[in-house]
Amino acid sequence: MSDAERKTFTDAEALAFHRHPTPGKIAIVPTKPMATQRDLSLAYSPGVAVPVHAIAADPDMAYEYTSKGNLVAVISNGTAILGLGDLGALASKPVMEGKSVLFKRFGDVDSIDIEVTTKDPDEIITVVKNIGVTFGGINLEDIKSPECFRIETELQELLDIPVFHDDQHGTAIICAAGLINACHITGKKIEDVKVVLNGPGAAGIASLELIKAMGVRAENCIAVDSKGVLYRGRTEGMNQWKSAHAVETDKRTLAEAVVGADVLLGLSAKGAFTPEMIASMAPNPVIFAMANPDPEITPEEVKRVRKDAIMGTGRSDYPNQVNNVLGFPYIFRGALDVRARRVNHEMKIACAQALAMLAREDVPDEVAAAYHGRQLKFGPDYIIPSAFDPRLIWYVPPFVAQAAMDTGVARKPIADMDAYRAGLAQRLDPTAGFLQKISGSVLANPKRIVFAEGEDPSVIRAAYAYQSGGFGKAILCGRENLVHENMRLVGLDPDTAGLEIINARLSDRNPDYVDALYARLQRQGYLKRDVQRLINQDRNSFAASMVTLGEADGMVTGVTRSFDQALEEVLRVVDPAPGGRIMGMSVVLAKGHTLFVADTNVTELPEAEELVEIACEAARAVKRLGFKPRVAFMSYSTFGNPMGLRSEKVREAVAMLDEMDVDFEYEGEMPPELALDPEKRANYPFMRLTDSANILIMPAIHAASISTKLVQSLGGATVIGPVLLGLSKSVQIAPLSASVSKILNMAMMAAYDQPEESGEG
């Protein structure tokens, strides 16, 4: 499969992603309030003079009074950008910004990119040396070899903070983790395995150095470049780094070197390995074909000649992906947390060993979701953890930190590792994990989703992203000529996009939909011709009919009309779920909290009985999403003080729940700070919530809708939804004029929340 065939987006979409709503991928966000004159005086003059004097007296105080301790510089000169080559420093900026995003997403490490417009190693060394005092660590990126070796080595000597060239060591660490587990499975001892490396560049040489440090014997390693085996006495194309790995051997070609080898590492080019080479290897061979974007040989090709092989690649669509994101966020997280002076071999080995051990643990559902729902367990197809394993953040850094302490490079030892692990587990924003859980489940069980407003450009893009992302089949309702016109407008080729288009007026299923809907509406004042007109002209009626008659698993609408209008049209066709409550629930994802807010869309002023139904429906939905429901009934009053009409409705709802046998925690009435702040709850020891609430039941639709929209508008949180609950079929109504990503999120929710499968209303 070519790179173009694997892309699930157009070039125009990639450019739009990087341009809107703000150019680039990173921004600086203050961590202190700046609301008053006093705040400004503390943050700058005159208050800032106090930490200035403290740092001047003791430089280590910079870790206490500035962001230095959690700040990493991503530095590149753009001479080896991904698989693109030397395109210059400025062209590398999108990659370096992306690296900074990965640091934050996976390791909660703040990072800023710095592009240096020189190819002179001495100039790069001078620049980094002189700015190094600003940072807690330096990540070198996309600097070509052999210059990268010298730059890293000299900077490690000049600076007293970690300097880490990820292109070298990131790949080496993940490769080493895979090798540890491959030896574990095959019963081979690491000191006995014979290793062949094809491609002794930056990552290749680092991989050899690391596995030798782990116990692989130097005489058992053969490196091969484009001119053949690195043997002692060879002069052509050699340098000091290649020469360090030359061995006494009469083998001169890759084909000769791999005969009888236990391990074959590829960091070279597509097609470098042949089936004949693989067939000549020792029993139970280990092949890591890590060339980008296509491996030296595919797993399918290997399997045809060696059923006993363990295979890894750099690709996410094959098992055992050698992915650097498994390494650098956690190496730096552990190093920064002990204020390490450097990253040494012991810390890299500790990271590799931790990753290997994690892969042997029982695999949680979140990881299965990241692997498209395959039931995973440790074995030949799972020797390297998934990058989306939520345990990585608290599992790996303690090993790295401990190795730093054991080898004397830590300036701030950690006294309580258990407390450190607990703190790590709370660092990451839940947003990405929540969306990954949803998308992973849908990837495992793809669904047919009909997009009712299929002529809208944003809907077309979302439908294409849904189908090309592997979530299922996307069906567009619309006139084919207009859909094709708008496809071209957004950069899609109608002939290759692969999206099914159904014109309601011309569909051969039209008579069946009319008959089914007329049977529902004939006693509600509708003539058959009225129903025919609905099916022909109202895409919500047509799309909902597809769902009710089983020709689609769910539908998405709402982009071109209001929620109320869309819901009214859907309810003509779709019944409420038995015992269910039709309502809207918004998911608010902010740092440290995942909150569900209801009812945001349907019942304006719910009575007490309706509040109970809203709470029960929300609890069922939240439980389906994998959370333990803890319901708090919101009010401006706190347990009767002061009392008002709406507060009384809420108190009645809580009293009614007291008489019911419900399987979730609930409490009320209370303001939001009491529901979310454990310190404030200490004043109310009678409260029944065992932890902060994750479901907020609002006293009226106004409060629910305004609060979620306000949070979203102010920033700092992601709001998904509102998610429509309580129907017998899966229908989601996106916000009016929703963005592509929001429409896609609603499509995934429609595919995920299938009432007929959940067995719950």
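Heads up, residue numbers simply count up from 1 along the chain you see.
Glycine residues also receive a Cβ, built from the backbone N, Cα and C atoms like all the rest.
Caution: TrEMBL annotation is automatic and unverified by curators.
Under the heading domain 'Malic enzyme N-terminal', TrEMBL lists 23-156.
Taking the Cβ of LEU84 (NADP(+) binding site) as reference, no residue of its chain lies under 8 Å away while being at least six apart in sequence. As annotated by TrEMBL, NADP(+) binding site applies to ILE81, LEU82, GLY83, LEU84, GLY85, ASP86, LEU87, GLY88.
Cβ neighbour count for LYS99 (active site, proton acceptor) (all protein chains, 10 Å cutoff from its Cβ): 24. LYS99 (active site, proton acceptor) carries a helical DSSP state (H, G or I). For LYS99, the entry in TrEMBL reads active site, proton acceptor.
What TrEMBL records for GLU141, ASP142, ASP167, ASN292 is divalent metal cation binding site. Every protein chain shown contributes to the tally, and the Cβ of GLU141 (divalent metal cation binding site) ends up with 28 other Cβ atoms within 10 Å.
Per TrEMBL, the feature domain 'Malic enzyme NAD-binding' maps to 168-405.
Across the fold, the C-alpha of LEU87 (NADP(+) binding site) and the C-alpha of ASP167 (divalent metal cation binding site) stand 17 Å from each other. In the structure as shown, the Cβ atom of GLY88 (NADP(+) binding site) sits within 10 Å of 14 other Cβ atoms. If you measure from the Cα atom of LYS99 (active site, proton acceptor) to that of GLY85 (NADP(+) binding site), you get 17 Å.
Listed in chain order, the extra residues whose Cβ falls within 8 Å of the Cβ center of the NADP(+) site residues ILE81, LEU82, GLY83, LEU84, GLY85, ASP86, LEU87, GLY88 are GLY78, THR79, ALA80, ALA91, SER92, ASP142. Between the C-alpha atoms of ASP167 (divalent metal cation binding site) and LEU82 (NADP(+) binding site), the distance comes to 9 Å. LEU82 (NADP(+) binding site) sits 9 Å from GLU141 (divalent metal cation binding site), taking the CA atoms of both as reference points. Note on the binding-site residues ASP86, ASP142: the fewest other CB atoms within 10 A surround the CB of ASP86. Looking only at Cα atoms, ASP86 (NADP(+) binding site) sits nearest to ASP142 among the binding-site residues GLU141, ASP142, ASN292. Secondary structure from DSSP puts ILE81 (NADP(+) binding site) in a beta strand.
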